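Comments concern the structure below.
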Amino acid sequence: MGTVVDAVNKEANGSAPVNKKVTVVFVLGGPGSGKGTQCENIVEHFGYTHLSAGDLLRAEIKSGSENGTMIQNMIKEGKIVPSEVTIKLLQRAIEENGNDKFLIDGFPRNEENRAAFESVTGIQPEFVLFFDCSEEEMQKRLLGRNQGREDDNIETIRKRFNVYMESSLPVIEYYSAKGKVKKIDAARPIGEVFEAVKAIFTPSKVAA
């Protein structure tokens, strides 16, 4: 293992930890838990920058870069994009953005993602915002969506929910053990959920 100086020198080729002091909040929640809506509210009210792992991968594919083509081929073949690829995109977005407060949405998807993110970037999340919602409620919401997403049928929803639970629970348990999980009851109406979110992001109340 090299020294910190080596790590900073290696920054040029993108393999060193993020070299600015940032606050990172991981946002986790199953499909239909409403975390996307709440992320928009947090950005608007608390000045965070919202980074979605999925959006970054899609943007990279659209850019037509060599990296983007590789990601596209992996997805086409039904392979999972390696953690390192997603982490590099997140790392680049954090480095290039003038802000120092980030919501990372939909990542880490599993325990391997989590460990790789911490070791590659050197960043420990401030906390994990977990939108807790029952399968029944998520199912109801997804089926009620008018977006016509072809993957919003019962079978697929169940599968997505099970995959989410199996892979994300170990991440939530890991951070729970460190006292870093802020759990929100996401089954409530949007306004009530945001009141709970606001209480977490308002420092005077956090210290209470």
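Heads up, the Cβ atoms here are built off N, Cα and C, so glycines get one too.
Counting Cβ atoms from all protein chains shown, R188 (ATP binding site) has 15 others lying within 10 Å of its own Cβ. The annotation ATP binding site is assigned in TrEMBL to G32, S33, G34, K35, G36, T37, R145, R188.
Annotation source TrEMBL lists ribonucleoside 5'-phosphate binding site at R58, K79, I80, V81, G106, F107, P108, R109, R149, R160. Counting only residues at least six positions away in the same chain, no Cβ atom sits under 8 Å from the Cβ of R58 (ribonucleoside 5'-phosphate binding site).
Within the same chain, the residues at least 6 positions away from N113 (CMP binding site) whose Cβ sits under 8 Å from its Cβ are S83, T86, I87, F107, V171, listed in sequence order. What TrEMBL lists as CMP binding site is N113.
Comparing the binding-site residues G32, G34, G36, G106, P108 on other C-beta atoms within 10 angstroms of each C-beta gives the minimum for G36.
Between the C-alpha atoms of P108 (ribonucleoside 5'-phosphate binding site) and T37 (ATP binding site), the distance comes to 19 Å. Residues near S33 (ATP binding site) in space but far in sequence (CB under 8 A, at least 6 apart, same chain), listed by position: F131, D132, C133, M138, A186.
Taking Cβ-Cβ distances under 8 Å and a sequence gap of 6 or more within the same chain, the neighbours of K35 (ATP binding site) are V27, L28, G29, D105, G106, L129, F131, A186.
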